[in-house]
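Below you'll find the structure, written out as structure tokens, and then a few comments.
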Amino acid sequence: MRGVCPQGFNEVDKLLRENGICLALREKLLKDSGVATDTDYDNIVRNLLEKDLARGEGSRSGSGSGSRSGSRSGSNQRLELRDPPLDPPRDPQRDTPRDTPRDPPYPPIDPSRDKVEGAVTVQPLAEAVRGFKNYFLRLRPGRNHRNPWFAEYWEDLFSCRFPRSPPTPYNQHYNKTCTGHERIDPDSFEMEAQLQFVSDAVMAFAHAFKEIHLRLCGGRPGLCERMTKIDGDIIKAHLLKVKFTGLSGQDFQFLDNGDGPSRYRILNFRRDDVTGEYEWATVGFYRHGHLNIVSSRLPGGLTDSFVEASIWLTGTPQVDRPAPTGEVEPSSCQFRRSEPSHPRSVCSSKCGRRQYMDPIPGDPCCWACKNCLTYEYRPVDTRCEECPGGTVPSYNMTHCIPIPPVFLHYTDSIALVAMAFASLGILATTTTAIIFLKHNNTPVVKASGRELSFVLLAGIFLCYTMTFLLVSKPTKYVCGAQTVGIGFCFSVCYSAILTKTNRISRIFRAGKRTVKRPKFISPESQLVICASLVACQIIISLIWLLTSPPKAVSFFATRADHQLVCEAAIGFAYMIGFSYPIFLILVCTIYAIITRKIPEAFNESKYIGFTMYTTCIIWAAFVVIYLSTSHNIQVRLATMCFSISLSATVALICMFTPKLYIILLRPERNVRQSMMAKNMQLKLNSSAASGCLRVDSGTQSDG
């Protein structure tokens with residue numbers, strides 16, 4: 001951008017910054033720096049070419065660019081610039097070459113005009129000084145003695161020389177003698193367009209001195225002594241207060257900061273749609289802080305903020321503002337005919353949704369776009385920050401949002417399979433219990449120890465119901481029920497089986513040593529023993545609940561994961577509840593091995609052995625899977641559901657299927673004699689008979 005003066009340039013720069021508009025490049029060619037060379041313009045063009053995304057250049061009208069615009073266009077041609085930055089010529093007040101006799105009202109149109117097509121500029125707005133042209137045309141060197149330079153002007157205008165005039169760089173080559181009666185053609189003579197400013201300046205001082213004279217001299221004619229020495233501050237104070245109508249008919253008054261009234265003409269260098277000729281067209285006016293646009297709408301989002309500052313080169317996205325009194329219609333203000341819309345001008349393109357701007361040092365309007373990490377959000381445009389655990393960036397990257405918690409739900413496919421399997425198990429257990437109740441007093445039911453059989457069925461039923469508890473949404477109460485239930489259901493099952501195997505083992509070991517009936521083999525004693533074993537599990541669960549109260553917590557196995565789980569499901573805490581059932585399983589397995597050789601008539605021990613061997617295999621696999629799925633609690637819980645249900649199913653099939661077969665399909669075998677081995681019935685002697693009768697009575701329920 002180039003400015004009229006440093007103060008004007010700085011003011012425009014300040015306004016641009018306040019409105020969030022950046023300049024890609026700042027270049028100045030000051031009025032007092034002398035005539036710029038082609039090299040100066042070439043350097044500016046090269047600097048602009050480095051800003052490959054910047055598409056324009058703004059310029060406030062001032063002075064000294066009529067010939068310079070040609071230099072600039074020449075730079076474009078010398079550098080073979082295909083799409084040059086737009087550098088509109090400035091106002092003609094001082095842009096005309098010195099040998100030009102008069103200044104045009106608009107900026108001159110350079111031969112390389114296609115290089116500045118679409119330029120927008122502003123020009124100080126001035127009206128003609130009334131009567132001055134006629135006054136000036138009547139001036140003659142012989143009568144205008146108060147202006148010592150008028151004779152030089154006359155010589156230069158008519159290319160002649162007065163006989164007695166001193167030589168100057170302009171008249172020494174003139175051979176023609178001036179008469180002083182030469183005539184200026186009024187039709188071809190054109191006055192300085194900004195003459196009003198000179199007139200207003202002179203009248204401002206005249207009005208100021210008039211007020212000072214009235215104040216210091218009381219209005220008396222002539223210069224009084226008090227006005228011979230006047231302080232400059234007094235003159236300035238009176239100048240700021242003047243208010244008058246100038247010779248051009250325009251009102252004049254200084255602004256509060258001492259500047260003159262702001263009056264500008266807005267020009268657009270364009271190509272006429274009909275004739276194809278280039279022209280400077282007036283598209284609006286700016287007077288005293290108010291924008292007056294010729295037509296109704298600006299093209300491509302060019303708004304008053306751009307017109308007021310004469311800027312449409314930006315380094316950041318523009319924010320459109322409605323013009324105070326209207327906007328310029330596309331037909332009134334246009335850019336290149338090949339590019340009718342507002343040219344896009346940025347230093348760096350807008351970053352993507354998941355990117356942030358990394359400012360380039362020394363160039364605040366330019367940046368490099370860098371990617372945010374996967375779990376980072378962008379609180380401001382210039383940096384990314386890590387989202388807290390359990391959250392992820394929102395779609396627009398402005399904040400973090402919680403990760404929706406997941407848990408094993410009733411509608412999950414794996415949960416549906418587990419619940420279906422458990423439901424079949426509950427149905428089978430209930431059916432078995434009903435059949436046993438119906439045949440409660442038959443030898444098969446009594447021989448199996450019907451009291452412990454019902455306890456075992458209750459434990460199996462609880463195992464199946466645990467599936468529905470494990471797939472429930474974790475809450476404080478659900479977690480507490482899981483903590484107690486996973487160990488309690490197994491302890492009921494294996495306490496009953498352990499009591500059975502221990503009872504059979506003690507009976508047959510006692511039969512080899514004595515004819516006396518062993519102690520604690522009655523149904524009541526068996527229930528007390530079983531309850532005592534279950535009580536141990538209850539005590540362990542209560543201690544666990546008191547030392548580690550159950551609660552539902554968020555578990556983040558990975559950065560993108562959020563699982564809602566019971567706290568005990570994290571790590572290996574559930575193994576506390578399984579430790580005692582595992583101990584019961586091992587003891588039952590040992591007893592199954594010990595009692596594997598008892599007589600065939602009492603081969604329930606064989607089914608107990610099958611139950612325990614299969615259960616050990618299931619639990620060995622479960623422990624391995626449980627320990628290896630610590631990162632996925634849902635898989636761990638699903639594995640637990642199937643392991644518990646499979647263990648219950650094994651116990652149900654191995655312990656009750658043979659009995660149900662006899663009760664339902666072979667009722668003729670459901671008699672007391674079928675419970676005794678055939679070889680023992682054929683070779684019955686007195687001692688063996690008494691021992692077998694003792695064993696038979698000890699392995700059946702009373703009554």
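Cβ coordinates are placed from backbone N, Cα and C, and glycine is handled just like the others.
What TrEMBL lists as compositional bias 'Basic and acidic residues' is 79-102.
Residues or ranges marked as domain 'G-protein coupled receptors family 3 profile' in TrEMBL: 414-679.
The region 'Disordered' annotation in TrEMBL covers 55-117 (among others).
The region 'Disordered' annotation in TrEMBL covers 318-337 (among others).
The transmembrane segment feature in TrEMBL is assigned to 414-437 (among others). Distant neighbours of the transmembrane segment (414-437): 408, 445, 450, 453-454, 457, 460-461, 463-465, 467-468, 471, 634, 638, 641-642, 645, 648-649, 652, 656, 659-660, 663-664; these residues of the same chain sit at least 6 beyond its ends, with a Cβ under 8 Å from one of its Cβ atoms.
Look at TrEMBL and you will find 449-471 (among others) tagged as transmembrane segment.
According to TrEMBL, the feature transmembrane segment maps to 477-499 (among others). Using a Cβ-Cβ cut-off under 8 Å and counting only residues 6 or more beyond its ends in the same chain, the transmembrane segment (477-499) has close neighbours at 452-453, 455-456, 458-460, 462-463, 465-466, 469-470, 526, 529-530, 533-534, 536-538, 540-541, 544-545, 550-552, 566-568, 574, 576-578, 580-581, 584-585, 587-588, 591, 608, 611-612, 640, 644, 647-648, 651, 655.
Tertiary neighbourhood of the transmembrane segment (527-546): same-chain residues 451-452, 455, 480, 483-484, 487-488, 491-492, 495-496, 498-499, 502, 520, 576-577, 579-581, 584, selected by CB-CB distance under 8 Å and a gap of 6+ residues from either end. The annotation transmembrane segment is assigned in TrEMBL to 527-546 (among others).
Nonlocal intrachain contacts for the transmembrane segment (572-595), taken as residues 6+ away from its ends with a CB within less than 8 angstroms of a stretch CB, comprise 483-484, 486-487, 490-491, 494-495, 497-498, 501-502, 504-505, 508, 533, 536-537, 540-541, 544, 548, 605, 608-609, 611-613, 615-616, 619, 626-627, 630, 640. If you look up TrEMBL, you'll see 572-595 (among others) marked as transmembrane segment.
Taken from TrEMBL, the feature transmembrane segment covers 607-627 (among others).
Annotation source TrEMBL lists transmembrane segment at 633-656 (among others). Within the chain, the transmembrane segment (633-656) has long-range Cβ neighbours (under 8 A, six or more residues past its boundaries) at 406-408, 412, 414-415, 418, 421-422, 425, 428-429, 432, 436, 453, 456-457, 459-460, 463-464, 466-467, 470-471, 486, 489-490, 493, 497, 555, 557, 563, 565, 569-570, 574, 604, 607-608, 610-611, 614-615, 618-619, 621-622, 625-626.
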Tertiary contacts of the transmembrane segment (607-627) (same chain, 6+ residues out, Cβ under 8 Å): 497, 500-501, 572, 574-575, 582, 585, 588-589, 591-593, 595-596, 636, 639-640, 643, 646-647, 650-651, 654-655, 658
